[in-house]
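Let me begin by presenting the structure, written as structure tokens, before commenting on it.
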Amino acid sequence: MADSFKIDFQAHGALGTGDLIVFVGEDLKPTPAVAKQIGPKAVQLIAKAAAAENFKGKAKSAMVITAPSAVAVDRLVVVGVGGEKDRANVDWAQLGGLISGKVNGKAAVAMLDLPGIEVSADAAADVALGAQLRRYSFDHYKTKKDDAKANTGGKLSFSVADPAAAKKAYKAREGVAAGITIARDLVNEPPNVLGPREFAARAEALTKLGVEVEILDDKAMQKLGMRALLGVGQGSVRGSRVAIMRWNGGKASDKPIAFVGKGVVFDSGGISIKPAQGMEDMKGDMAGAACVVGLMHALASRKAKANVVGAIGLVENMPDGNAQRPGDIVTTLSGQTIEIINTDAEGRLVLADVLWYVQDRFKPKFMIDLATLTGAILVALAQEYAGLFSNNDELAQRITKAGLETGERVWRMPLGPEFDKLIESKFADMKNSGGRHGGSSTAAALLQRFVNDVPWAHLDIAGTAMGSPQNEINKGWSSGWGVRLLDRLVRDHYEG
Ligand code: BES
Ligand code: MN
Ligand code: ZN
């Protein structure tokens, strides 16, 4: 994230002299108030330029008029709000991203006065959040900076009806933006740099915000009996870790809510090794854990009034003389045994132990896990929806709703005895792979055996968290998926 990019709110009035952003409907007219401020010549100029540029004021479209003679600014950025239907469901963050991508001046003013749409303080804050997220880039490892692409610095001021209210609403979003940035950075970081130990250290950095952090190393996990997790990590020269983060913003008597993340820092597949093509993407197999760290950052920095546990299993899945084999049987922390059929189905082994540990120790109100768990979820849902699996309808509905509200959408997928049957093992209590059919559901069915009937939801984010589709708030490889969704869930249902 460009540290030098500043966001700010001001009362309607000042236009500035840099970039000026105004909104028009399909009639190409701004609101009367904006028209009055920029003057009739500028309104005419917009209509004329629109005709020349074939700009129709459609939603998600914009036109830039450079050095406009009619108004004393460097560039006039005209953004369309579209027709009635578009105006009924604006994605404010995406709109902010669009604006942020269009301005290139040192100082820009966006007049958040939209024809036919009320802009609440919350909406304005979401616009600002989207503007901030758009500026993310990950270029620490580029020794030559591309100046042309460096749309980083500058200041973007939103002129709104009630700047104090918008500022207040944005204050909470700043922590969310920072949390998303942390999650994106973790996912983008190369696997040689970010091993389990280094990842755990990044989780530990949350202590600065008042989060309590505990780290379990190999020895501690051996003592506990987390043999499923340790089995995955045993082929790596780098030790495994579990990081437990606790934010106690609620009443002492409140049961916590819990988030669990898959943190495979690199997934080679192990002895069941993956094909070379695209294997580099498996540095992102810790996106679930990255989301949990980003979420804890967001919640702590906005001092969420809730008791929250975040727990992440950090391992590297490598082939080696000491690596786990197909045919091995491991005893999990819960006491249940798992036959390893495919060492590439490792995420569920990691989660099995962490989920059991969290429900046993913290007795949470619910657990939600996030994991880049299966390629099959990409086959089913492509990259726009995460797979949602749950043993609790209320929790599933709340997550679904938060998904629609934040644009991080989920689609519920089935669990049930049919899938359980597919993971029956000849030799152990279950096997770690049910084969190709229903691959995401059999993986989830295994996880369900480790939640001990606690309300639980599993989000399979293999499609949404990395190599993600580009949009106005995400131009990078990692999206930071889930931070906004879960922050919203907590905000709307679990704070006081
Ligand atoms: N990390 C992968 C899943 C994945 C695939 C994430 C593509 C992101 C993009 C997971 O550990 C895995 O390898 N799953 C196997 C399971 C199979 C062996 C039962 C898969 O999906 O093929
Ligand atoms: Mn795998
Ligand atoms: Zn994996």
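Keep in mind that glycine also has a Cβ here, set from the backbone N, Cα and C atoms.
From a predicted model like this one, the values you see are computed outputs, not experimental measurements.
From the candidate list Asp267, Asp281, Asp420, the residue TrEMBL records in the Mn(2+) 1 site shared with Asp344, Glu346 is Asp267.
Mn(2+) 2 is bound by Lys262, Asp267, Glu346 in TrEMBL, and the record lists one more residue there from Asp254, Asp285, Asp353, Asp360, which is Asp285. Taking Lys262, Asp344, Glu346, Arg348 as the candidate recorded positions, the subset whose CB lies under 6 angstroms from any atom of ligand 2 consists of Asp344, Glu346. Among the recorded positions Lys262, Lys274, Arg348, no residue is identified whose Cβ is positioned under 6 Å from ligand 1. Only Asp267, Asp285, of the recorded positions Asp267, Asp285, Asp344, Arg348, place a Cβ under 6 Å from an atom of ligand 3.
In three-state terms derived from DSSP, Lys262 (Mn(2+) 2 binding site) belongs to an extended strand segment. On a Cα basis, Asp344 (Mn(2+) 1 binding site) lies 8 Å away from Asp267 (Mn(2+) 2 binding site).
Annotation note: Asp267 (Mn(2+) 2 binding site) sits in a strand segment as assigned by DSSP. Comparing the recorded positions Lys262, Lys274, Arg348 on other C-beta atoms within 10 angstroms of each C-beta gives the minimum for Lys274. Taking Cα separation as the measure, Lys274 (active site) is nearest to Asp344 of the recorded positions Lys262, Asp285, Asp344, Glu346, Arg348.
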